[in-house]
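A.B. asks: First the structure, then my questions, so here it is.
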Amino acid sequence: MSDANEGTNPADSWSFETKQIHAGQAADAATNARALPIYQTTSYVFNDTQHAANLFGLAEPGNIYTRIMNPTQDAVEQRIAALEGGVAALLVSSGQAAETYSILNIVETGGHVVSSPRLYGGTYNLFHYTLPKLGIEVSFVEDPEDPASWQAAVRDNTRAFFGESISNPNNEILDIKGISEVAHRNGVPLIIDNTVATPYLINPLAHGADIVVHSATKYIGGHGTAVGGVIVDGGTFDWRVQRDGPDGTKTDLFPGFTTPDPSYHGAVFADLGAPAYALKARVQWLRDTGAAIAPFNAFLLAQGLETLSLRVERHVANAQKVAKFLEGHAQVESVAYAGLESSPWYQRGQELAPKGQGAIIAFEINGGVDAGKKFVDALSLHSHVANIGDVRSLVIHPASTTHSQLTPEEQLAAGVTRAWCAWPWVSRESTTSWRTSNRASQPPSETGEAVLSVSIDLNAQASDQPDWESVPDGKLVGMGIGSLPLDSGERIDNVTLAFQRWGTLSPSRDNVILTLHALTGDSHVTGPADDEHEAPGWWDGLIGPGMAIDTDEWCVISANVLGGCKGSTGPGSLASDGRPWGSRFPQITVLDQVRAEVALLDRLGIRSVGAVLGGSMGGARALEWAIEYPERVRSALVLAVGARATADQIGIQNTQIAAIKADPAWHDGDYHATGQIPLAGMGIARQIAHLTYRTEHELDERFENKPQGDEQPLLGGRYAVQSYLEHQASKLMQRFDPSSYVVLTEVLNHHDVGRNRGGVKKALNECRVPVIVGGIDSDRLYPLRLQAELAEELGNCVGGLQVVRSDTGHDGFLTEFDAISDLLKRTVELARRDA
């Protein structure tokens, strides 16, 4: 039985390669069979009643029932324990079961776990959603690289630390020694998922870890034929550790080990020696919840173990070559692989894993999420599967598969960006077999070294004719626009803008209408709700075939704004170091956003637009387009905005920013890697903002001072208007990133067309683009006087101020469709006239 501690094992002196074949198994005693037999049995004959009693009482090792132990399973457990340097192992039905048992074996209801946020998606789900239902809370550290961040997350009820030796899929190598020291100072064990590294590359127990888990399905099995998981007990942790209580008395941190177990004859597991942890997991959790591995699957895993070192050696050799190639490719924005000298984890990889830094290459393709999906779909040799560690070449797009259930913020906390592809690199095939399209590779060079010849044919930013024109109308497309210099003097590299298109581009490429969304809007200007947009377009019914802007005539383009969170680069995006921008995201201006849109059109081969249209923040951008790029714009519609931010607007907007920053989850803007999101603060900000979007008259007419339903405000219940505002906040909280809310609100604070142009009056006077200016008569955020100034001072305002009558205030540019339709028609008529 692999849980028995028989003292010195002769296998300890064997090499890794010998252990992977011989450890845990001699010739079969009954038949002298040399290969590991498959013991396909459910139960075992007891010699007599005393023998049976001894087995059930843990007085002697042996087999009782295959749910708990099987000889085939036992051989595999002993072999893996020997490879990891542990005293015992427990083989179970899946890697997910192994991770679950590893926690439940030591953390009881009311307990707490500190974890790295850089986790496989299934693990993140287990920790974030399932364990809390069992009364176990998990905190994801803000910076898994910083031991102080782990210490800061420790609570009185913390019972375990958890991390991945090499994280899946973003290839960060954990400081096992440093984190284990923090764990041990606090009297808790460190559990390491060693799936990606395997014991051939990293031995976590030798660096201070206490427990190791694997999804044996992956590299241990290696052939995609068996599902299994394993827990390895290091045998060195003192489960009798105590902590001083508030009254000075000592408290056992792990009473499950130090008090008699009534379900197992009063056994005290801490008295059972080094393999206490593995024994407890077997006779409690495996016995009672039954995630037993089938003997045949255990046999297949044993077959995989026999070639583990050979396979992993080839895996990492090929991965290194491919990673270097991708790093130098023009269409690849970033590569996460610790074997590259450019990686922040390169040095640690050389120290902890000198034989190789794993075989998963995560990389981001220019063009965003669609480019990543397109790359995966273009592969001919690779299989798109939810697995790693196979002898076959595999690929996956984590954001739409393994990590798809996570929110965009949670994906970033886990180190997964929307455009990433994870490439679990093949072991036995040569790199010269790699193809991404139908183009063959070159033969080996004269020196015999493989020549990597790979074409990532995505028709992305490196192409003269991007294929964005051929995607279906309304399909969200990402496009890399390169580096962007900012008004602040800073620069953002590798900028991506996500956009949608409706209609067909004319042969002369001059029938474009550019629509610009407001603060928390997005590119979805028209069309129904879909998988990428939770609501219909904000001008749905105004843009389309035969509508105010007729897409049978015009090609409408709408881009998600720079600084936002809908696929365009913003504070939640990854910077060049592979971490979210967070607080490091530079201050940007409306003009910076317009420059990004200009760069996008340049990438699309569009030099002239018929019209730019927008309201609120979109109106501010439309105004900047008309002033800064008159040679590229034939007309503009500017709605519900002014020439600069007013003191009232700045005051209201700064109050919203303060609400978000006061949320404890804000973490100075660097919350993306913590597993926390300052949604409460953003909810308050949204309620403040929404009051400015509507009118006092409308709200009082709808709600007066009525209670919400049967609630009684005098007894702590809510008012109807309060419920309404909370509902508006809740809708935003489900779709928007608080850091983008702060960045974009600050953009509006900075809005001033007179900056660096000699003042507002001069800037407006010199604008020669025909502009239609519209304002909402009930707008209290951007009152009519601001649009009146625009109409009076603009050098080519057509028709004077156009007043839209509405009871809904600032939101009138989104609700008064008849009036807005008329203004859209008049604007595109100007575009036709000046074509």
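Just so it is clear, glycine is given a Cβ too, placed from its N, Cα and C backbone atoms.
Per TrEMBL, the features are:
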ACT_SITE  SER616  active site, nucleophile
ACT_SITE  ASP779  active site
ACT_SITE  HIS810  active site
BINDING   ARG686, ASP811  substrate binding site
DOMAIN    512-816  domain 'AB hydrolase-1'
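Help me see these features in their spatial surroundings.
C.D. replies: Reduced to three states, the DSSP call for SER616 (active site, nucleophile) is coil. In sequence order, ALA518, LEU519, LEU639, ALA640, VAL641, TYR782, HIS810, PHE813 are the residues near SER616 (active site, nucleophile), counting only same-chain partners six or more apart with C-beta under 8 A.
Residues near ASP779 (active site) in space but far in sequence (CB under 8 A, at least 6 apart, same chain), listed by position: ALA640, GLY809, HIS810, GLY812. In the three-state DSSP classification, ASP779 (active site) falls within coil.
If you draw a 10 Å sphere around the CB of HIS810 (active site), it holds 26 other CB atoms from the protein chains shown.
Listed in sequence order, TYR693, ARG694 are the same-chain residues six or more apart from ASP811 (substrate binding site) with CB atoms under 8 A from its CB.
The average pLDDT computed for the domain 'AB hydrolase-1' (512-816) is 96.
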A.B. asks: Return the residues near ARG686 (substrate binding site), defined as same-chain residues 6+ apart in sequence whose C-beta is under 8 angstroms from its C-beta, sorted by sequence, else 'none'.
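C.D. replies: Same-chain residues close to ARG686 (substrate binding site) (Cβ under 8 Å, separated by 6 or more) are THR520, GLN656, LEU725, GLN728, ALA729, LEU732, MET733.
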